[in-house]
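Each remark here refers to the structure printed beneath this line.
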Amino acid sequence: MSDELDSYRAKHYNSDDPIVRLLEEKIESLTKELEKLRQDLNWYKGELEKLLAPPYIEAIVLDILPDGKVIVRSSSGPNLIVNVSSNIDIKKLKPGSLVALTQRGSTIVEVLPEREDAYVKSFEVIEKPNVHYSDIGGLNEQINEIREVIELPLKNPELFKEIGIDPPKGVLLYGPPGTGKTLLAKAVATESNATFIQVVASEFAQKFVGEGARIVREVFELARRKAPSIVFIDEIDAIGAKRVDMGTSGEREIQRTLMQLLAEIDGFKPLDNVKIIAATNRLDILDPALLRPGRFDRLIEVPLPNFEGRKEIFRIYLQKMKTDGNIRYDILASMTEGFSGAEIKNVCTEAGYIAIRNGRKYVNMTDLITAIEKIKAKNNKAKNTDRTEKYV
């Protein structure tokens, strides 16, 4: 039959016939369409299987038995002794591993990747802070100290190994508000090219029992994975105040969180690529356990700027602004005795507003003096209010 068909084609087939060419093109088009429909059908079959398949149960490996079975703690409740699927390498299983179990046979069919808490992950600063040492005025001594303690061990650990000393694990920055403690930490992170993990200590104080300690533990696990890294804990007095026996559940939870923090600090080797910086305005209320050798070894005071420091801070901020060129930095520094770096920044910002109100596109000396007087009046009013409330 096939020979007869081939013979018929040989006699009657004419490839130059336009009708034949049209039919060939049509057949080719239909063949391609059929292939695409088959692919779509296979895709829909796969999706249907996924929709109908029962979900897996998440579990944590507790122990591996000699006979190859595994003890797991199921997310649904009880501890189970389960088998391991043949396509799973049992060497990959270890206590603490996350695995997936089938619902019916409770067999381990997949090893899950380590899970990162989204709340903890949000502490990591993805983009490096755009703050450099040149942006900080009046703190040259503090900059040199923090570079020796944080930056040098991260960049040149071999120096410490060769001499045979251990660099400090952590640095505690203390001083009045607005003196540049956070700026120092950001500048170190920028200059050392380390992952910067910033957290306010009050975020460790959680509502539920054990939650704060868990977050502390996971923050330091994140720091180890992202090493070299710097963990910056701002306002550490929120959880690091001296422990007192008040008996309230909230106080006990804060104490548990503090003990977890101390345990994590003690767990680091000095030359690990993880450094800790903490900042506080209240050194006097911190628990002595935080300040003992081996934890926050180096205490760096960040005081209010002196005369030369205030001049330098004014130069840093005013060089970014448009001025008339007749700025007397010595006069500005003498008028702002007792001002912090943050207050000097407020003076420059207020001077800019005064210039805008007066219809100018630049700042002059008069604007700055007016701004200083305004900030002083505001500070005096706040002090008088505090004094009045104290004796009411």
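Cβ coordinates are placed from backbone N, Cα and C, and glycine is handled just like the others.
Per Swiss-Prot, ATP binding site is recorded for Gly178, Thr179, Gly180, Lys181, Thr182, Leu183, Tyr317, and the stated evidence type is sequence analysis. Around Leu183 (ATP binding site), a 10 Å sphere centred on its CB holds 20 further CB atoms from the protein chains shown.
As annotated by Swiss-Prot, coiled coil applies to 19-53.
Lys181 (ATP binding site) counts 26 other C-beta atoms within 10 Å of its own C-beta, drawing on all protein chains shown. The Cβ of Gly178 (ATP binding site) has Ser340, Gly341, Ala342, Glu343 as same-chain neighbours under 8 Å, each 6 or more residues away in sequence.
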